[in-house]
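K.L.:
Marked as region 'Disordered' by TrEMBL: 1-39. Residues annotated as compositional bias 'Basic and acidic residues' in TrEMBL: 1-10. Annotation source TrEMBL lists transmembrane segment at 56-78, 98-116, 199-218. According to TrEMBL, the feature domain 'ABC transmembrane type-1' maps to 59-341. According to TrEMBL, the feature domain 'ABC transporter' maps to 445-679.
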Amino acid sequence: MSKNKNEMPRQESNNSQGQGSHGAPGKGGKKPGPPKPKNIGKTIKTLMHYVGRYKALLALVIILIVINSFAMVAGSYFLKPLVNNYILPGDFTGLAKMLALLGTIFGIGALASYGYSRIMVHIGQNTISNIRTDLFNKMQELPIKYFDRNTHGDLMSLYTNDIDNIGEALNNSLTNILASGLTFIGTIVMMAVLSPVLILITITFLAVMIFVISKVGAKSKYYFGLQQKNIGKLNGYVEEMIEGQKVIKVFCHEEEAIEDFKKHNEELRVASTGAQTFGGYMMPMLGNLSHMNYAVTCCIGGLMTIAGGFDIGSLVSYLQYTKQVSNPIAQVSQQVNMILAALAGAERIFTALDEEVEVDDGKVTLTRVEVKEDGTLVETEKYTGHWAWKVPASVVAKMNNSEYGESALEMAATVSGVNDISDSRLETAVELTDEPILRELTGDVRFKNVVFGYNEEKTVLKDISLFAKPGQKIAFVGSTGAGKTTITNLINRFYEINSGTITYDGIDIKDIKKDDLRRSLGIVLQDTHLFTGTIADNIRYGNLYATDEEVKAAAKLANAHTFIKHLPHGYDTVITGDGEGLSQGQRQLLAIARAAIANPPVLIMDEATSSIDTRTEKLIAEGMDKLMEGRTVFVIAHRLSTIKNSKAIMVLEHGEIIERGDHDSLLEQGGRYYQLYTGKAELD
């Protein structure tokens, strides 16, 4: 598949941070309560913002609901003249006409009900589609720290349970509550018109029904909420156990896993039993109260009719209303839990949508350039393989304090039209023009007195200073938690440093747009993530515009071509389940090919060779030697044999660089690196 190469290659996007879990096996947690919306007003307002996009359809829905409710109420009232004027006198001609009228009224009501149901399904599905899209788009903008503090299970529940609850509420619950409410009000009014005496009996029974609903409904709501929570916990646990089957079997933890499952399953059973028990009470109890109301009304109404205070038609009509009046209450009580669950889910989703996105106030961008014979850089739309930073003059002026010194200010002066760099007009001129200059992308990365912590309580990196010139291979060695991976995360600006500076080709990375910064980096992680699709598509993920020939070239460079061509369909072989069926080494070779096709000036190898066999390690080493030619390379490895040829090796412990130098000089020092290399000490 051949495509024009007209866009900067993308970096490997997998990231080891933020891999949330559902908790280690055997670890219990605090028993969760049911989900409840904490700020109903704000949640409803935001939800109405989405639903409000369909104002015309909503207006039509309300009109149709009013028509349906009117038909329900009017139909029952027409039983009075039907009995008094036609059945009792034996006027069958008039009876036929009245039956036709009633049929028309109920038919219109049925059509109105069908109409508003269909329209609300349309509104509901489009609304949740919009919410789902906004949520997914938001996830792409959130910083890595958001994924660090939220588990995969919690985030997935936003897209499944919470979205489904909103959809169910919009499709059915809202219209049912509105229709039931209007029908209830109309019914009560007509009952009061028919008999001010009998309405007192009805109100008494309705008060009892509402009391029952409030008591039983509260219990039902609690257990239904708890049931949803425990379903999420159980699903998350089962997913974790399926993914970790090899580890479970290796450590013979099958019995422990079964016991933990029983605990989660029992919690769900208890919650589900409570939900179904109290939920099951509701309708029988309301039904019995409704029957009692009907029986009492029938007796008293009959006595009133015999006494001549009530006509038969009015009694028949009132009794029909008596059957009808309890249905709205029952329906509303059933829908309240769904509405609350939907509002709780909506609140969780809208909370995620309100999260602060990654701060990106950078002005420096990447652009394609041609290099003229005299070395001049000229911006171009064509793909030339050369890239440059497009640096506004205001940013260039800031670079005066960097390692590039006065030359940066001279460039700013030239761009701004001020010949003397000491001229006081320079700052004003820079601000007014802010014309960009082109600075070649070379891969010069420098840390200066960098301090960083993932939270305020603990500092992870302490006063880190280092530099890597283009083409140099810099290796990091240290115990787990020493800060090796953190350094690479900071280069990507996954997190913001507390103090100090990180520069890229002399530019503070805070001044570079994050997308452009990350497009210039290639990353190969130990836990390689592959996507469902063909082998070629997974390699091409590093550069979506790469041709088939370039895909194969990248695979050959990474030494992945040999195993790929032996797959059933070669590069067209479809892989699923994060590369299921491929070995760890093969997945890492594909990750290297993906980074190679991106052709980045800076490459980050985060423990990429720490879990593969010796033969594959050799293949990777050969491929990496080709790949890192002319690039800045950061390597994090536990196998010291892979970093012997590094230009500089940084030994980190507790967030500090305790030793630095090349392989030979570090051995001569006889320090921590010497002990690790000679086997006199091991990494924690």
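Each Cβ is built from the backbone N, Cα and C atoms, and glycine gets one as well.
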K.L.:
Going along the chain, which residues at least six beyond the ends of the transmembrane segment (56-78) come within the CB cut-off of under 8 Å?
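P.N.:
Hits for the transmembrane segment (56-78): 98, 101-102, 105-106, 108-110, 112-113, 115-116, 119-120, 122-123, 175, 178-179, 182-183, 186-187, 190, 317, 320-321, 324.
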K.L.:
Under an 8 Å Cβ to Cβ limit, what residues of the same chain, 6 or more beyond the ends of the transmembrane segment (199-218), are close to it?
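P.N.:
Beyond its ends, the transmembrane segment (199-218) has Cβ neighbours at 188, 191-192, 278, 281-282, 285-286, 289-290, 292-293, 296-297, 300, 322, 325-326, 329, 333, 336-337.
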K.L.:
Do you know the mean pLDDT across the domain 'ABC transporter' (445-679)?
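P.N.:
On average, pLDDT over the domain 'ABC transporter' (445-679) sits at 86.
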